[in-house]
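Structure first, commentary second.
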Amino acid sequence: MDYFSYKHHTLHAEDVNVNDLANQYGTPLYVYSRATLERHWHAFNDALADHPHLICYAVKANSNIGVLSVLAKLGSGFDIVSGGELARVIEAGGDMSKVVFSGVGKTPEEIEFALNQNIHCFNVESEPELERINDVAGRLGKVAPISLRINPDVDAKTHPYISTGLKANKFGIARERAIEVYTLAHSLPNLNVIGMDCHIGSQLTDTGPFVDALDRLLALVDELAGKGIEISHLDVGGGLGVTYKDETPPHPREYAQAIAAKMKGREHLTLIMEPGRAIAANAGIMLTKVEFVKSGEEKNFAIVDAAMNDLIRPSLYSAWQAIIPVTEHPDRETHTYDVVGPICETGDFIGKDRELAIASGDLLAVRSAGAYGFVMASNYNTRCRPAEIMVDKNTVHVVREREILKDLWKGEHKLT
Ligand SMILES: Cc1ncc(COP(=O)(O)O)c(C=O)c1O
Ligand SMILES: N[C@@H](CCCC[NH3+])C(=O)O
């Protein structure tokens, strides 16, 4: 079931006509569906019902406090990568005992902040980070729970910018060095070694690489146990892909069951997952208005009011996201358009070569925009970032107001 669907030729988000949202809140506008977020979270959680587990939603995918609060109410954990994300989870009412802290460059201040919140675990990516956490914990008279992020050296077969589990990537500790680094961690006085984690990349559309990575991790868990280092959780990271166009990723249930099957007989190991995109991407759309239709010699352009500063994935990764009309006009002729924004860059496009039946003033919806959409937005060209809306059946919540011009130079000072 799709919570973004047409009723009487008009796109709805759950029970709300998105035309009304655009009229009331303006465009560009991000619109999320609470029911979709919840359904995606439950798909992971329910599939793991037979194994001790924790779903730690990857906050980076969509860190809006409204989104986080919906997931916190379901009992979700959170995977964070900065003190800022931790502060958002606190603000949203998240349970600190279900927070894991990933990322290659945690500062002493961020470590202290997280230690004082008693988070579940630090996912440590290097030896110097291990030493740093040990020092900060010692200074605070605390013991830091840690997991080591192992780089399993498997090819996730995804876009090179978002592949993270190869030796050539900056992430994690090489598999060959894992035992040595675990031994070091175990010897440090202010650390408690409780887990092992990995994350091999994002937008993966095949279960194979996940299972290969898990096999490699489990072999290490056994080797560690042989050396007297027993851990209590295994975190397989995030990375499950979604359908943007014609990709056929496994359903979260299928993916989670494949992972859980490998964990049979290891019920003492809590299984942690950190899905981001698979929960948020298809729970959101971005609405944009056609300002002008421009016919060139070689191309037609639909110049819209959203740009690469609002949604950067097409420009950054040549990512394809569906662009659909808010009102269907079966009577109109279609033409091929590049859907472009007003920013002064040739790379400013939302979609290329799209068949659309449009006129200026029409509204379009960019689908799959709930993950890595607003969170990657900027103010480039001094543009206000869009508002964000959460629809819950027929109720509309403004979960972030549209920026106003004054917000854009907050903290700046002119010379007198
Ligand atoms: C450590 C870690 N966990 C989880 C995620 C979430 O990934 P995805 O949104 O692909 O599920 C990421 C981002 O790729 C990550 O770096
Ligand atoms: N931002 C990326 C994914 C990066 C994943 C972060 N670890 C995207 O839009 O696809």
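Just so you know, glycine gets a Cβ as well, placed from its N, Cα and C.
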Notebook entry, point to check: Per TrEMBL, which one of Gly239, Gly341, Gly347 shares the pyridoxal 5'-phosphate site with Glu274, Pro275, Gly276, Arg277, Tyr372?
Noted result: Gly239
Next item on the list: Kindly assign Gly276 (pyridoxal 5'-phosphate binding site) to one of the three DSSP-derived states: helix, strand or coil.
Entry: coil
Next item on the list: Specify all same-chain residues, apart from the site residues Gly239, Glu274, Pro275, Gly276, Arg277, Tyr372, whose Cβ lies within 8 angstroms of the center of the Cβ atoms of the pyridoxal 5'-phosphate site, ordered by sequence.
Entry: Ala58, Lys60, Ala61, Ser202, Gly238, Leu240, Ala278, Ile279, Ala280, Ala371
Check: Do you know which of the recorded positions Lys60, Arg277, Arg313 has the most other C-beta atoms within 10 angstroms of its C-beta?
Finding: Arg277
Notebook entry, point to check: Taking the Cβ of Gly276 (pyridoxal 5'-phosphate binding site) as reference, which residues of that chain separated by at least 6 in sequence fall under 8 Å from it?
Noted result: Tyr57, Ala58, Val59, Lys60, Ala61, Asn62, Asp79, Ser202, Gly238, Ala371
Notebook entry, point to check: Out of Gly239, Glu274, Gly276, Arg313, Tyr317, Glu345, which binding-site residues lie by ligand 1, with a C-beta less than 6 Å from some atom of it?
Noted result: Gly239, Glu274, Gly276
Check: Can you tell me how far the Cα of Glu345 (substrate binding site) sits from the Cα of Arg277 (pyridoxal 5'-phosphate binding site), in Å?
Finding: 27
